[in-house]
Amino acid sequence: MANNVVVLGTQWGDEGKGKIVDLLTEDAKYVVRYQGGHNAGHTLVIDGVKTVLHLIPSGILRDNVKCVIGNGVVLSPEALIKEMKPLEERGIPVRERLFISEACPLILPYHVAMDQAREIARGKKAIGTTGRGIGPAYEDKVARRGLRVGDLFDMEAFAEKLKEVMEFHNFQLVNFYKAEAVSYEEVLEQARGYAELLTSMVIDVTDELDAARKRGDKIMFEGAQGTLLDIDHGTYPYVTSSNTTAGGVAAGSGFGPRYLGYILGIAKAYCTRVGAGPFPTELYDGQEKQDPVGKHLGTVGHEFGATTGRLRRTGWFDAVAMRRAIQINSVSGFCLTKLDVLDGLKELKICTGYQMEDGSVLEVSPMAAEAFEKVTPIYETMPGWSENTFGAKSLEDLPQAAINYIKRIEELTGVPVDIISTGPDRNETIVKVHPFES
């Protein structure tokens, strides 16, 4: 039995992780975020009520769950306050159930200013960041000039460090990007309020999680974004700024890697991507590519980013990219989401290989973005189904064509599909194998 479960995306993000984390946390004591920041967008629908979380772990809607933000997360206190307010107005005791590592790097206004100024300067070569300061905050961390949550509790020393780092960033903003400088006095004043807010929630996360493990408590690690956006293993440079893969769990939480159990990979029954970057099976982007099937996927699947509101690009399921994600993460089993979006399509395609210019075939996707320019997807066509799968709760409720589609994905990837999501509500799910019971 796996007491410690990792839930992560195996595509380009937006796979539906939030719903699955919420579903599985019925059996968990802890839910831990270990990377990313408020650039994540996890949408949960419970009894018809929609909640979108960006920073707070998805387990916050479960009364019995402690939610943890690990050291690998870059924390925007401003974003945290905005997210806490509507939850607390609904009677959810966020401050009593949310715990934060003192080692979390802080996202402050100058990070946001830098992020946005850079995207403007890139013009047509823009990466498509969320403009929320994530990348610049990680840069400061690696350069060892970043301010962390723990720094807020010595305000005199914080003020000195802040002045130094803001001189560095404001020089770039004004002289290179021709943007306005960020006010040191305003940022410092905001920080004083942040210290008061965070004091009661800051803990030694490593010690807390290790004690939980020794007690036999069930712990879930909630990934943000997706494997193919990983800073090291994704389609670089069109990636996020953190390690979105299973390897990021230990580094981003301080939890011993030997104790990780089941790795649940979340994948849509088709593919989507937000922003720029390679997408071999793309059908629709709202601009140059206007395939009607791709438009169906985007419209029926409500494919708009929960964080940015941007239209997602859509395409066929890519087993080649999935094999790369499986290698990196040691995926134990899949959760296939949005199966119901495929309802009504006469035929479906799965990418089984990438053909190179020299005629050779890749079975696992390349890493660098440039390499994707030389590939042509090889498709296998399967019959679709006209029946309605929305809200199905057992395999018996699915048409045979849908079952065949799922089985083919299992065959092509070598990994079982243990969970199938057939709608946005936590109850619209088929659970073949429960990760905590595997």
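Using N, Cα and C of the backbone, Cβ positions are placed for all residues, glycine too.
Together with ASP14, GLU15, GLY16, LYS17, ASN39, ALA40, GLY41, HIS42, THR130, ARG144, GLN225, THR240, the IMP site in Swiss-Prot holds one more listed residue from ARG90, ARG310, ARG323, which is ARG310.
Using a 10 Å Cβ-Cβ cutoff, HIS42 (active site, proton donor) registers 25 neighbours. Between the C-alpha atoms of GLY41 (Mg(2+) binding site) and THR130 (IMP binding site), the distance comes to 11 Å. Cβ contacts within 10 Å of ASN39 (IMP binding site), excluding its own Cβ and spanning all protein chains shown: 28.
All chains included, 26 other C-beta atoms sit within 10 angstroms of the C-beta of THR422 (GTP binding site). Comparing the binding-site residues GLY16, GLY41, GLY309 on other C-beta atoms within 10 angstroms of each C-beta gives the minimum for GLY309. Checking each of the binding-site residues (GLN225, ARG310, LEU311) against GLY13 (GTP binding site), the C-alpha distance stays within 10 Å for GLN225. Reduced to three states, the DSSP call for LEU339 (GTP binding site) is helix.
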